[in-house]
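Under the heading active site, proton acceptor, Swiss-Prot lists Asp69, citing sequence analysis as support. According to Swiss-Prot, the feature substrate binding site maps to Ser7, Arg8, Asn9, Arg10, Lys11, Lys12, Ser70, Phe152, Gly153, Tyr154, Asp155, Lys175, His180, Arg181, an assignment based on sequence analysis. Summarising the annotation, Swiss-Prot assigns Mg(2+) binding site to Asp69 and lists sequence analysis as the type of evidence.
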Amino acid sequence: MKIVIASRNRKKIEELKRILQGLEITILSVNDFPELEEVKEDGLTFDENALKKARYVCQQTGLPALSDDSGLEVEALGGRPGVRSARYAGDEASDDDNIKKLLEELAGVPSEKRTAQFVCCIALVFPDGKEYIFWGYVRGKISEIPRGTQGFGYDPVFIPEGFKKTFAEMSPHEKDKISHRKEALDKLRDFLIKFAPIYKQNLL
C-alpha cells in the first residue's frame, strides 16, 4: 500500500513515518515526485490548507495523499500565529525568525499567561474523491527563551502541560508520545487499520 505525504519538510516527514511505522504502508513524499509544484498555503484554517495540499498531490500522483497542517495558537496573542505559524515573521522566515518574533511579542507577559496549544490537522484524500480529517492538540505554555536542539518549528519554546522540558529538549520518542501530531496520527492509524481494506485497490 502506498500513501504520499504532501510535504518536503524532512523533519516532518521523518516524524510522520516514525509514528506510522508498523502499518503495511509504503510512505512516499513529494520529494519522490520532483515534478510536483509547491502548493500555496493561503487557506484561512488548518483544514483548508491541509485539504488543498492533499487534493493536489492526490490528483497529480493518482495515489492517496496525506497532508499535515499544524500551528501554534497563543492565548495572549489572540490565537496567533495560528495558520500563519510557518510564515509568522514573513514568507521566507526561518524557524529562528518566527521564534524571535513570537518571543518579542510576549515580552513582559508572565508565565501564567503564556498558555498556548499546538494544533495538528491531517487530511487524507483518496483518488475516488473520499476525504477525511483528523485533529490533534497539545496544550502547554511558551518559555521565555529557546531551549533544546531537537525537533523543528516552535519546539524550542513550547513546554507541554505537565512537563518542564520544551519539545526541543525531548527525545523524538518522548515527543512522539504526547505531541499534537501523534494524537492526529493515532486517529489516522485507527482509521487505516479499520478501513484500509476498502481502499486496498487504491493503496496498492
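Just so you know, glycine gets a Cβ as well, placed from its N, Cα and C.
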Tell me which residues of the chain lie with their Cβ under 8 angstroms from that of Lys11 (substrate binding site), as long as they are six or more apart in sequence?
Gly151, Phe152
How many Å lie between the Cα of His180 (substrate binding site) and the Cα of Asp69 (active site, proton acceptor)?
11
Per DSSP, to which secondary structure element type does Ser7 (substrate binding site) belong, with helix, strand and coil as the options?
coil
Identify, among the binding-site residues Ser7, Asn9, Ser70, the residue whose Cβ has the fewest other Cβ atoms within 10 Å in this structure.
Asn9
Sort out the sequence-distant neighbours of Asp69 (active site, proton acceptor) for me: same chain, 6+ apart, CB within less than 8 Å of its CB, listed by position.
Glu41, Gly43, Phe46, Asp47, Asn49, Ala50, Lys53, Val83, Cys120, Cys121, Ala123
Give me the non-local Cβ neighbours of Gly153 (substrate binding site): same chain, 6+ apart in sequence, Cβ-Cβ under 8 Å, ordered along the sequence.
Ser70, Leu72, Ser85, Ala86, Asp95, Asn98
DSSP-derived structure type at Ser70 (substrate binding site), helix or strand or else coil:
strand
So what sits near Asp155 (substrate binding site) in its own chain, CB-to-CB under 8 Å and at least six residues off in sequence?
Gly148, Thr166, Phe167, Ala168, Lys175
